[in-house]
Each structure stands twice: as structure tokens, then as C-alpha cells.
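What follows is a set of notes on a single structure, which appears directly below.
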Amino acid sequence: MAVEKTLILVKPDAFARGLTGEILARFERKGLKIAALKQTTLTVEIAETHYGEHQGKPFFGELVEFITSGPLVAAILEGESAIKAARQVIGATNPLEAATGSIRGDFAIEVGTNLVHGSDSPEAGVREAGIFFPELS
Ligand code: ABT
Ligand code: MG
């Protein structure tokens, strides 16, 4: 076990639905600490950098359009095994396969609007934290 940092996004769909507080509360109740927090609206350039691993995939255009469509909330969460813990709280990528009790399982239906992002490795956590909070690195 190791203390890790993960980058969380409350995506524009969740922000617009007024789920920001509910979502952040679930991470806090899990035991993760909020180390940084901000509201921002992404430029296409930052969105393409953040989702760089998906460049060329059929859903990439829609993904960038969606994630830049309105304000979102970005947070760095810190704690033991924060990457895995946060992804457990978030649930599977496809909300219809996400467990009840997870954020996506409880509040989402479609994969293209699945409410929350969480880094998928410690390396991604460091990279993504640098994109959203350059002032901290
Ligand atoms: P993110 O936390 O947003 O990265 O989602 P997750 O890691 O659970 O899933 P990945 B595979 O990284 O998906 C990134 C975004 O792309 C969307 N997507 C994914 C689709 O729209 N269609 C697909 O077939 C797949 C595989 C879901 C994710 N984001 N949104 N919004
Ligand atoms: Mg991902």
C-alpha cells in the first residue's frame, strides 16, 4: 500500500445536474482527502492533452466536445491506494455495468456521459494533476 494522488473530474454532465457536492462527499466518506479543488472550463487543447491516450478512437471527437461543453470541477484526492479507491467509488466505465452504490451505477446510464473521471494509474495521476494544477508542480 502506498499514499497516492489521483485526479478526479466532476464532468460537465454531473456539474450541470447539481451532483458536485454528492460526488465529492462520496470520495470524502471513502477516506480520501481533497488536496486541491477548482472549477474550470476546458479548452479543446487541454481536453485533447488530458485524453491523449484516446486520440484516433471513434469516440474521441464526441469525448472532447462533451468534456469542453461546460464548467467542470477538478480535484486532486490523496490517500492510501487513492487510484484504486477512487475508481471503486466511481464504478465501471459503462454505467449499465457499474455496481449499484457506485457513482456511475447510481446516477448514470450512458458511457459518453458517465459523470466522473478518475486517473487509472499513479503515473496518470501525476501527469493529470500537472495538467489541471500546473501551479502546484
Ligand atoms: P474516464 O475516467 O473518463 O477516463 O473514464 P474511464 O477511465 O472509466 O474509461 P475510459 B476507457 O478511459 O473512457 C474515457 C472516456 O471515453 C468515453 N468512452 C469510452 C466512450 O464514449 N465510448 C467508449 O466506447 C469508451 C471505451 C467514456 C469516458 N468519458 N466520458 N465522458
Ligand atoms: Mg480513463
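Don't overthink the numbers, they just go from 1 along the chain as shown.
Backbone N, Cα and C define each Cβ position, glycine as well.
Copied over from TrEMBL, here are the features:
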- His117: active site, pros-phosphohistidine intermediate (ACT_SITE)
- Lys11, Phe59, Arg87, Thr93, Arg104, Asn114: ATP binding site (BINDING)
- 3-137: domain 'Nucleoside diphosphate kinase-like' (DOMAIN)
Which same-chain residues, if any, lie at least 6 apart from Thr93 (ATP binding site) yet have Cβ under 8 Å of it: Arg104, Val111, Asn114
Among Lys11, Arg87, Arg104, His117 [recorded positions], residue with fewest other Cβ within 10 Å: Arg87
Integer Å distance between the CA atoms belonging to Phe59 (ATP binding site) and His117 (active site, pros-phosphohistidine intermediate): 16
Secondary structure tally of the domain 'Nucleoside diphosphate kinase-like' (3-137) (DSSP, helix then strand then coil): 65 helix, 30 strand, 40 coil
Other CB atoms within 10 A, centred on Phe59 (ATP binding site): 12
Predicted model, mean pLDDT over the domain 'Nucleoside diphosphate kinase-like' (3-137): 97
